[in-house]
Amino acid sequence: MAARSTTASTSDARFDAVVVGGSAGALEVLRQILRTMPATTAVPVVVVLHLPPRPPEGLPELLARDCLLAVQQAEDKEPLQPGVVYLAPPGYHLLIESHRAFALSVDDPVHFSRPSIDVLFQSARDTYGGRLLAMLLSGASADGAAGLHEVAAVGGITIVQSPAASEAAAMPSAALALFKPTYVWTPAEMTKELPSLFAVRSSMLGSPA
Amino acid sequence: MRPEVTDLEIRLLLEAIYERFHYDFRQYAIASIRRRLIQALTAMHCESISALQARILHDERAFPRLLAYLTIQVTDLFRDPEFFLALRQHVVPILATYPSLKLWIAGCSTGEEAYSFAILLAEEGLLDRTLIYATDINDDSLRKAQTGVYALDRLRQFILNYRAAGGTGSLSDYYHADQDNAVMAPELRRRITFADHSLATDSIFSEVQLVSCRNVLIYFDRELQDRALGLFADALCPRGFLCLGTKESIRFSAQAPRFNPMSVGPKIFRRVD
Ligand SMILES: C[S@@+](CC[C@H](N)C(=O)[O-])C[C@H]1O[C@@H](n2cnc3c(N)ncnc32)[C@H](O)[C@@H]1O
């Protein structure tokens, strides 16, 4: 095997961004996932959670508490930074533009949700193509399934929380009814397996470009 | 799965629309435009963007339909009540020091935001000396705004918002209801001028003390946001007020130095002298 190239750059790793979606029962799983991400994580992580219309303040702070990465609400036109976890602001769709900056919208809800997971996943797929790691967690609607399918269709890595191990199975089941994802994992498996996926990603970027 | 629609196809279509119809969407945020175009493809039974382009160039009924997809008309009376509450508490007392007032609601959609301002100013005793310019590029919406007629099933939300916004009376003071609709009071309507105006192509038309442009800039790219914010700075009197949507900011704009944020929470800025 060839020695690790000193020119190893983003193009060597398998994904340039992580996107995560979930609704009922997803918050705790999300916390566990964020905990597995090393401080050297070299990609942005973008999250859509369905929340009540007026969610409690301080969700970014709550998630940041046991996560090594900065956690913040995404702002309109903000460029995505590696090693930052972005949350969709309540009441707005969150999209990623082709120049890798966020755009918000107040277009109609999708699957009764704004923010919608499909909207995030589809725009991420349009921007990153297959160079994505996309995760769909526990949830009570079909939002996210179509978007995840599209990510899979262009070769992205897709992870679905196993319905049996989900507080609400509708969301992961909707995805499994459409296609076969790369992995179907329980939360425990995620905690166990994700670090190696992220290790690859962060060591790649560790070398000088 | 969605049909594949590339940035290039979208840009060519927007260029054609600009040349033929003089609507300028060329600097809109493309990810949202892509979603809407894909919806339009399905609704208008077109296989591809080029088929859609051919259609709008040859069938004159097609473009108005497409336009409805390109401009999103989601709005509400006293949308984001906490914004109107902050306005009432922190901005109205300063507005009250002007002998006469001009306000500009940019991107007013079907008029709800303009009527919200009119109601608030009426309750604060300022409406008689106020003129509200409310502008948009969607003619259908402007016509609806002009009539001030809203479906009764929206009233419940209207009333909740009005109360949360610090309304001091009863919302029913400001409309009369018939069988299916609430019709906004003529006293409000008289103070509002609805007009066609594009933030992408038109220039300023009056000096104003306050601009409210909410949930419009998120649909623009950064250059077009800069253009719009430049128009607002030019139109505002020194220390005039700029109100943006709850999740909109001037942080990434070249025009940021022309405004100071007010420390009242919601997105309210003042033009620097
Ligand atoms: C989502 S609505 C916002 C309505 C209202 N301001 C609110 O916050 O509820 C966006 C509006 O911006 C209008 N718009 C889009 N492009 C525009 C432009 N170039 N100039 C003026 N208005 C525009 C659309 O037609 C639409 O009515």
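Cβ atoms here come from the backbone N, Cα and C positions, even for glycine.
What TrEMBL says about this one:
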- A:18-176: domain 'CheB-type methylesterase' (DOMAIN)
- A:SER23: active site (ACT_SITE)
- A:HIS50: active site (ACT_SITE)
- A:ASP143: active site (ACT_SITE)
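A:HIS50 (active site) counts 25 other C-beta atoms within 10 Å of its own C-beta, drawing on all protein chains shown. A straight line from the CA of A:SER23 (active site) to the CA of A:ASP143 (active site) spans 9 Å.
A:SER23 (active site): 24 other CB atoms within 10 A of its CB, across all protein chains. A:ASP143 (active site) has a Cβ environment of 29 other Cβ atoms inside 10 Å.
Here A:HIS50 (active site) is positioned 10 angstrom away from A:ASP143 (active site), judged by their C-alpha atoms. On the 0 to 100 pLDDT scale, the model's mean across the domain 'CheB-type methylesterase' (A:18-176) is 95.
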